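Annotated features in TrEMBL:
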- 1-107: domain 'C2' (DOMAIN)
Amino acid sequence: MSSSRSFEITIISAENLRVNKRPVKKNAFVKIQTDGSNEVKTTRANCEGGSYPSWNEKVVLDVPLHARFITLEVNCKATLMGNNSVGIAMIPVSDLVGGYFPQNQVQFLSYRLWDSKVNRNGVINISVRLKMPEMSSSLLPPQPAINGLPAQGVLVTGKNSNAVVTGIPVSWF
């Protein structure tokens, strides 16, 4: 059994980014990590978007089962003093796997960014998908057959029966 789950997070864009109450001019990037891991993923720096950068960059993040938050930190490269933190969004993992959306469905979300003085400082737009583990064909149960053809349903009884139930999938949305 796995001790983590994989999320495919697309960092789409940000809005109204500021450092010291001045609009960010360029070189904004995002660091992604969880509270249960030392792994940090980083997007490329956006050189053109200013205080409205867009990245449209996918990151696959393994999130430990005990993790409570995924942290997105928007930074901008400063010329002499390293990087300036623009703002942080802490996304509860329960927002992403809380049963509101079917697994493997893409969710488009926007989160408020907060600066180091706990002031509002822009918004980050993302999409998230919980990646489903791929099943090995050797682990799948043998498929039933009727008259030598594969059955298109589920076995009704468990003992030497060729009867199957078929149905039409129903969408929740």
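Don't overthink the numbers, they just go from 1 along the chain as shown.
The backbone N, Cα and C atoms fix where each Cβ goes, and this holds for glycine too.
Summed and averaged per residue, pLDDT over the domain 'C2' (1-107) gives 87. Under DSSP, the residues of the domain 'C2' (1-107) split into helix, strand and coil as follows: 5 helix, 57 strand, 45 coil.
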